[in-house]
Amino acid sequence: MALPSLLLVVAALAGGVRPPGARNLTLAVVLPEHNLSYAWAWPRVGPAVALAVEALGRALPVDLRFVSSELDGACSEYLAPLRAVDLKLYHDPDLLLGPGCVYPAASVARFASHWRLPLLTAGAVASGFAAKNEHYRTLVRTGPSAPKLGEFVVTLHGHFNWTARAALLYLDARTDDRPHYFTIEGVFEALQGSNLSVQHQVYAREPGGPEQATHFIRANGRIVYICGPLEMLHEILLQAQRENLTNGDYVFFYLDVFGESLRAGPTRATGRPWQDNRTQEQAQALREAFQTVLVITYREPPNPEYQEFQNRLLIRAREDFGVELAPSLMNLIAGCFYDGILLYAQVLNETIQEGGTREDGLRIVEKMQGRRYHGVTGLVVMDKNNDRETDFVLWAMGDLDSGDFQPAAHYSGAEKQIWWTGRPIPWVKGAPPLDNPPCAFDLDDPSCDKTPLSTLAIVALGTGVTFIMFGVSSFLIFRKLMLEKELASMLWRIRWEELQFGNSDRYHKGAGSRLTLSLRGSSYGSLMTAHGKYQIFANTGHFKGNVVAIKHVNKKRIELTRQVLFELKHMRDVQFNHLTRFIGACIDPPNICIVTEYCPRGSLQDILENDSINLDWMFRYSLINDLVKGMAFLHNSIISSHGSLKSSNCVVDSRFVLKITDYGLASFRSTAEPDDSHALYAKKLWTAPELLSGNPLPTTGMQKADVYSFAIILQEIALRSGPFYLEGLDLSPKEIVQKVRNGQRPYFRPSIDRTQLNEELVLLMERCWAQDPTERPDFGQIKGFIRRFNKEGGTSILDNLLLRMEQYANNLEKLVEERTQAYLEEKRKAEALLYQILPHSVAEQLKRGETVQAEAFDSVTIYFSDIVGFTALSAESTPMQVVTLLNDLYTCFDAIIDNFDVYKVETIGDAYMVVSGLPGRNGQRHAPEIARMALALLDAVSSFRIRHRPHDQLRLRIGVHTGPVCAGVVGLKMPRYCLFGDTVNTASRMESNGQALKIHVSSTTKDALDELGCFQLELRGDVEMKGKGKMRTYWLLGEQKGPPGLL
């Protein structure tokens, strides 16, 4: 055979860097060269090997050594070990690929184990290889195997409660590799290991063979497994039809792992294994008989990477090998070889990085055990025996009209669980047959005696049956009457007058503390706003002393048809811990509303969007578990489905139990938003693609749509980034909904951070939001799935509640501490602002809740000043320029007066009023404090510059007077500390009669300053003061630096 020219390389080694002095990696292949009936034939596998090597890069050259294990077109257990010995002797390979046939693989595996050389194959399905003893310790099976098929069959028996017996029929032609024998061997050993009575027989391909087969079936089991060519199955089923074994008492499992019977052929169409080139009568008989047949095949990987790989495989096979391959399950074996080479490269890389060598084959093989990684064939999971976990599909006649076979269930080998597609199996009698019905096999049982009954026994039996029928009829009539009475009583009805509304604080006070996860001080529960991002709150009220949630219905009236009455009755009948309790409904126009149990902790969406709440994974799993329990109960109830599941429809009660709300009562539902509103699309972020298309769905379809909504909520809980979080994308809800509705590959789904999340949780999300509803699990399966990877979920209800309460207490303690710090900071700011408005001593009295009494002061000194020409300056400036000027000036003044024992009373326009000697008395210091402050302000004005008129000089006019005053706080709103008395008026007159850039002081102030003897004053003379007559006044010129007086 002319092999394609390949340079095989392994890039995974040492992170893409070839070790110094390393030799080429040698890959030896022992596979059939010509016989394409084998899925592991070299023309099928060779292109996959080439693709795998190309995918790995060019860090280390690989020598490819291929030899055929065929002898006259068949697998040879004699030739294969000789080829392997030659390869070892002349080429010393690092890895052996193949053989796929069982007997050659056994021989070669013994040599490989002795050489400590890894042997990788995607064939060799026999159960004998599962025990990796000293003979097969280096054998790695990266493809399907018979023991994994047996595990699937045992799981099927457990599902259908078949625990007694089974019968196996198979064809065993020793001229080839005995594929049927080794395939059904896995089923035999698995069922026998489950303590079932399992009988087997080789099918005789000779006249009388079908009769022998049906005789064997009658004597040994109702659950029959058949493994052989499709023609053999046809012969057995035709005979079974003639003997009435297809009446529903038997089920026939056809083990066709590569699904060849479901592919189109010369005489049959795709999915119709019953079609054959027979008479019309026989064809009809086969079609009827095939209703009792279930076909088991490998599962074709659903991931797009495998589809791309298969396309490339077919192209390479045609170009490099001159072979035309068709898309089929046989190509799965090539994909398994591909993933096996990647696995070997990954483990070899790790071994070298840890200091090992490629020659340490046992160490490399041991490191492959228990591996999980994503390959082109999907999730690859290796068990402890280095056998890959295998997925299977169970096919049934899904459409009785056309006779087409469709998937009824998928089996995940990694999870050991069956996922039902929702398509019912067409059992002839409406239910699975019994595997060990009474008197079918154990004829020695005395209860199986069929002696005719006596006349007396017949009369007694008839009388008993009559009484039973009478009793049942009476019960049904009574039940019907009670139902009509209950419908007529309308126990659910609530009058609008019975609902009480009032102050929300009173409701919250009566309902207990509301310093909880939800907001305080509101009688509302959560609902989505028009923008879909923030929460408003649903109305609450009182009904019979209890706080209830009230949802108004946007309808003018409700017609009480029989259907509506049944809906309301069903809502009252449904009671479960994880569903909000339906209390009643008000149908009094215009106040039509639904009244339900109120959950004070808010909605799940509120909790997830509140960053101050710390949710560890124990708490999150608890919320998820509550949601799954509630949905499982709802799906099994008379209501059957939710239809609008979202995180805002999941609420949390005071005991931190999640409950589902807004279910049922389809007649009350209405859409208030316009068809193109933002809020409408925001609510559809949880809606399944099949619902977005607008097509009506059956009940099972609605349940699968709920599963999709659950997946979006699961993503919300896992990431806490809002519904349908998309990393790096900023799309509106409308754009997201349109992309989901389009259903184009790759399907549009939320972002998942696989590095941060549990792999099994991610897998559950992806299954729940699968595009095909039949691929989604039901909530019963989801419950079991979560129970397995949530190890902490097995604690008791009390322990779980205590853990929730402890976590909430810790979170609340942290929240209170943060709020306390925030309060103290705001208190400090408020006090600072208060001290700027009022004197410190006055502010302290107000803080203590005391009334500030007016107080008389015998002697204080008051300062007044204004700007000469300010009116003209204002007229020539804009209002903003005037404000800027005064702000700059008074900021300067305020900074200066902080250095003196004075109190700033007020500023009015350009007027500035300051006092010393109150509210804290300072003896005789008030006059010199004001004097020094006035001198400082006058000096500051000389260097002050106006921004918009930098060349102009401000002219400050100052007046000072000393005398008695009365002071106190005036007003309740915006209180002010005001001064009263003639001294205030006199000080104002001193300022208004003064001159620019001079300090005008009264004689009383001059007397107070003279006591110090350090201030320079100049007599101005007698000045006529309005309302005062003539007063002798002085100019304050400065202060002499010398020995202090009083100060």
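Placed from the backbone N, Cα and C atoms, the Cβ positions cover glycine too.
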Residues flagged as transmembrane segment in Swiss-Prot, choosing from 459-478, 879-898
459-478
Which has the fewest other CB atoms in a 10 Å radius around its CB: C75, C101, the listed disulfide-bonded residues?
C75
Helix, strand or coil by DSSP: which one applies to C75 (disulfide bond)?
strand
Spatial hits near C75 (disulfide bond) (Cα distance within 10 Å) out of the glycosylation sites N35, N195, N244, N349 come to N35
For N349 (N-linked glycosylation site), identify the closest of the recorded positions N35, C101, N195, N244, judging by Cα separation.
C101
Rank the glycosylation sites N161, N349 by how many other Cβ atoms lie within 10 Å of each Cβ and give me the one with the fewest.
N161
For each of the glycosylation sites (N35, N195, N244, N277), count the other CB atoms lying within 10 A of its CB, then report the residue with the highest count.
N35
For N349 (N-linked glycosylation site), just give me the three-state DSSP call.
helix
With DSSP as the reference, give the number of residues of the domain 'Guanylate cyclase' (861-991) in helix, strand and coil.
53 helix, 39 strand, 39 coil
